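Take a look at the structure set out below.
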């Protein structure tokens with residue numbers, strides 16, 4: 001393949017510089033961030049996400065989880081996407097991430113498509129995650145789950161495996177630990193219960209719920225017996241079970257399951273103990289009112305997406321979401 005001439009390289013540099021200069025440098029996120037610089041950015045992301053979900057419906061949950069795991073580790077900055085190299089340690093091999101987060105190839109696909117229509121690296125990988133999560137929720141849940149994503153994040157040049165290990169909530173957390181974990185991110189009880197509704201889609205590995213189905217009493221015995229068929233006491237760590245009975249639809253079955261002690265994860269069932277707590281009341285509300293769940297879920301997703309974003313001239317806009325420039 002012929003190499004690029006110095007003139008061509010210079011023209012590309014000038015183009016990228018001009019495009020970058022058009023991007024607002026204020027620190028406020030806004031849904032209109034790309035309206036002028038690249039109006040086709042968001043429709044392009046939605047198109048790629050839609051085709052990815054049509055290929056594999058599970059990918060919607062994976063993209064939502066990526067956004068969550070990104071934001072809870074030093075803010076929504078795309079750090080979760082960075083690969084390990086001989087001189088750089090990313091977050092992908094942190095205990096809460098390994099064998100859990102996936103969908104990186106779809107993010108690569110989105111990045112390539114967006115850079116093509118924008119004629120350069122205009123949209124950050126962090127904004128791609130936030131938008132892909134929204135599109136996944138809206139595609140799998142319908143119009144009531146659509147919301148305007150706030151945009152303008154930039155990408156981190158660093159990552160922290162230690163922070164990922166420390167900051168991401170464990171499926172074995174009790175209620176107090178969950179509250180403390182979310183509070184450290186500026187999120188409250190309503191955010192905890194609403195965002196946990198992300199488990200209305202997706203699957204869990206046997207290793208994350210084995211102890212619950214064999215050793216806990218706060219679980220429907222028939223439900224526990226059904227889970228034991230796919231999750232033996234020994235072996236089968238990577239066997240999957242849906243987090244609720246409709247793992248490819250965003251709706252409120254997850255909350256109804258909690259009322260009957262059918263939460264797959266220990267941390268899920270901690271949200272409802274039938275003692276009249278604030279979280280109990282929210283679970284009861286969402287279990288019978290999908291619109292209330294949708295409204296609070298969207299509000300909390302927007303709030304989560306505002307956790308310590310890099311803006312203005314902080315960080316960078318990556319050429320490749322898997323590595324820094």
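Backbone N, Cα and C atoms are what each Cβ position is placed from, and that goes for glycine too.
In Swiss-Prot this protein carries:
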type	residues	note
BINDING	70, 73, 75, 77, 79	Ca(2+) 1 binding site
BINDING	169	substrate binding site
BINDING	200, 244, 246, 251	Ca(2+) 2 binding site
CARBOHYD	87	N-linked glycosylation site
CARBOHYD	174	N-linked glycosylation site
CARBOHYD	215	N-linked glycosylation site
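Structure coloured by features recorded in Swiss-Prot.
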residue: 73; record: Ca(2+) 1 binding site; Cβ contacts under 8 Å, 6 or more apart: 79, 80, 91, 159, 160, 163, 164, 167, 168
residue: 75; record: Ca(2+) 1 binding site; Cβ contacts under 8 Å, 6 or more apart: 156, 307, 308, 309, 310
residue: 77; record: Ca(2+) 1 binding site; Cβ contacts under 8 Å, 6 or more apart: 70, 126, 153, 154, 155, 156, 308, 309, 310, 315
residue: 87; record: N-linked glycosylation site; Cβ contacts under 8 Å, 6 or more apart: none
residue: 169; record: substrate binding site; Cβ contacts under 8 Å, 6 or more apart: 72, 96, 177, 178, 181, 182, 267
residue: 174; record: N-linked glycosylation site; Cβ contacts under 8 Å, 6 or more apart: 266, 267, 270
residue: 200; record: Ca(2+) 2 binding site; Cβ contacts under 8 Å, 6 or more apart: 243, 244, 246, 249, 250, 251, 252, 253, 254
residue: 215; record: N-linked glycosylation site; Cβ contacts under 8 Å, 6 or more apart: none
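The DSSP secondary structure for residue 75 (Ca(2+) 1 binding site) is coil. Working note on the binding-site residues 70, 244, 251: by count of other C-beta atoms within 10 Å of each C-beta, 70 ranks first. Note: the Ca(2+) 2 site is recorded as 200, 244, 246, 251; in the same chain, 201, 245, 247, 249, 250, 252, 253, 254 also have Cβ atoms within 8 Å of that site's Cβ centroid. Under the three-state DSSP scheme, residue 244 (Ca(2+) 2 binding site) falls in the coil class.
Fewest Cβ neighbours within 10 Å among the binding-site residues 79, 246: that distinction goes to 246. One way to see the shell of the Ca(2+) 1 site is to take the Cβ centroid of 70, 73, 75, 77, 79; the remaining same-chain residues with a Cβ within 8 Å of it are 71, 72, 74, 76, 78, 80, 91, 126, 156, 159, 308. In the three-state DSSP scheme, residue 174 (N-linked glycosylation site) falls into the coil class.
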